[in-house]
Amino acid sequence: MPGFDYKFLEKPKRRLLCPLCGKPMREPVQVSTCGHRFCDTCLQEFLSEGVFKCPEDQLPLDYAKIYPDPELEVQVLGLPIRCIHSEEGCRWSGPLRHLQGHLNTCSFNVIPCPNRCPMKLSRRDLPAHLQHDCPKRRLKCEFCGCDFSGEAYESHEGMCPQESVYCENKCGARMMRRLLAQHATSECPKRTQPCTYCTKEFVFDTIQSHQYQCPRLPVACPNQCGVGTVAREDLPGHLKDSCNTALVLCPFKDSGCKHRCPKLAMARHVEESVKPHLAMMCALVSRQRQELQELRRELEELSVGSDGVLIWKIGSYGRRLQEAKAKPNLECFSPAFYTHKYGYKLQVSAFLNGNGSGEGTHLSLYIRVLPGAFDNLLEWPFARRVTFSLLDQSDPGLAKPQHVTETFHPDPNWKNFQKPGTWRGSLDESSLGFGYPKFISHQDIRKRNYVRDDAVFIRAAVELPRKILS
């Protein structure tokens with residue numbers, strides 16, 4: 001090794017320094033022929049290169065003339081130095097010869113762990129390492145008393161069968177770990193256990209109450225039909241479909257039959273009651289027919305207009321006109337409409353080929369009063385002004401429409417305008433209209449766009465009443 005590389009309290013004298021490494025000489029030797037001194041290691045390295053001359057004066061060297069210099073070594077070892085760990089905090093200083101003795105006790109000196117673990121650390125950190133960190137340290141378990149190395153103790157810790165622990169199911173019980181498995185499977189009130197019937201898992205202290213309500217709990221048929229037991233959730237289906245002794249209603253119950261008997265006897269009842277059941281079915285059909293008629297009537301009432309204005313489209317005009325020419329007095333009827341809400345119910349009729357004085361030459365229009373739902377609340381006879389219009393379908397942007405319009409005031413003495421049902425008896429109501437046999441001629445109806453796309457539009461408007469009788 002080259003010379004000493006330490007922190008000297010005083011600068012070493014030059015004669016103590018090795019000419020080769022420039023440091024205070026370690027194990028100095030002297031060349032007796034010239035008197036020069038060197039570190040033994042430095043001189044050996046110099047000569048190993050094949051140069052056998054003194055490094056200082058270049059005179060030939062002879063190994064036999066190189067001797068140790070103990071006096072110089074005493075002087076070098078007496079030089080005062082600081083500890084090599086002074087920068088880390090060690091305050092020791094003393095002769096160089098005492099350094100090794102100091103390092104044997106210096107708390108800052110790095111030494112290997114005495115337990116022969118791979119760690120090297122300062123002497124002052126050794127106690128904590130030996131107590132807490134060293135994998136080779138010896139530890140005794142506080143629960144079972146066994147001795148372990150640090151590595152083995154880490155595996156043992158938290159697994160010791162003698163350690164006192166709480167139940168993992170949080171039932172509050174505390175016991176040695178070795179008893180925990182038996183407790184969890186057979187003693188713990190919070191352990192899970194499958195239901196005997198439905199196989200779902202429940203906490204042990206609730207499974208008893210569950211089993212009394214379990215849908216798969218076997219129960220006996222209350223009718224004692226002899227099938228043994230069925231699951232509770234299947235019992236309604238059993239009573240309804242499978243139990244031969246269950247009381248059932250007659251399949252004609254919706255028709256009015258109230259008979260009830262065991263399922264086994266129901267077939268006999270049905271066979272013996274064909275005529276009564278048929279009578280019930282006929283009565284039911286009759287009631288349903290009446291209800292259907294009433295619903296249709298109510299639906300028709302809802303679809304009837306109630307603002308006193310009717311716009312009636314007569315489609316397929318050409319075909320229907322030809323039919324009217326082939327069948328004299330063929331009459332077309334409009335949908336019914338009300339003069340207002342809770343008002344008079346009216347209907348317009350048309351003879352496309354005319355009737356009476358207009359037959360064969362004109363379009364005839366009439367209006368008649370129909371029996372309405374509110375007739376008892378209205379003034380009679382009907383006396384509201386009525387206006388008929390045949391609408392001109394010409395484009396309003398090209399020409400002003402020229403509707404054909406006629407207005408009349410009903411004659412209060414005319415029977416057609418009396419309250420319906422008070423006088424008509426069995427008369428044919430289709431002949432009771434009032435209007436115009438010659439509303440417009442066939443010749444005039446073709447002059448403008450009164451017929452367009454094979455359809456005509458007829459408008460009927462009724463003057464709104466001023467009051468309803470209370």
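The count begins at 1 with the first shown residue.
Each Cβ is built from the backbone N, Cα and C atoms, and glycine gets one as well.
According to Swiss-Prot, the features are:
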- 277-309: coiled coil (COILED)
- K263: ubiquitin cross-link (CROSSLNK)
- 307-462: domain 'MATH' (DOMAIN)
- S426: phosphoserine (MOD_RES)
- 18-58: zinc finger (ZN_FING)
- 102-154: zinc finger (ZN_FING)
- 155-208: zinc finger (ZN_FING)
- 209-266: zinc finger (ZN_FING)
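According to DSSP, K263 (ubiquitin cross-link) sits within a helical segment.
Around the Cβ of the residue listed as 'ubiquitin cross-link', the number of neighbouring Cβ atoms within 10 Å comes to 18. In the predicted model, residues of the zinc finger (209-266) average a pLDDT of 78.
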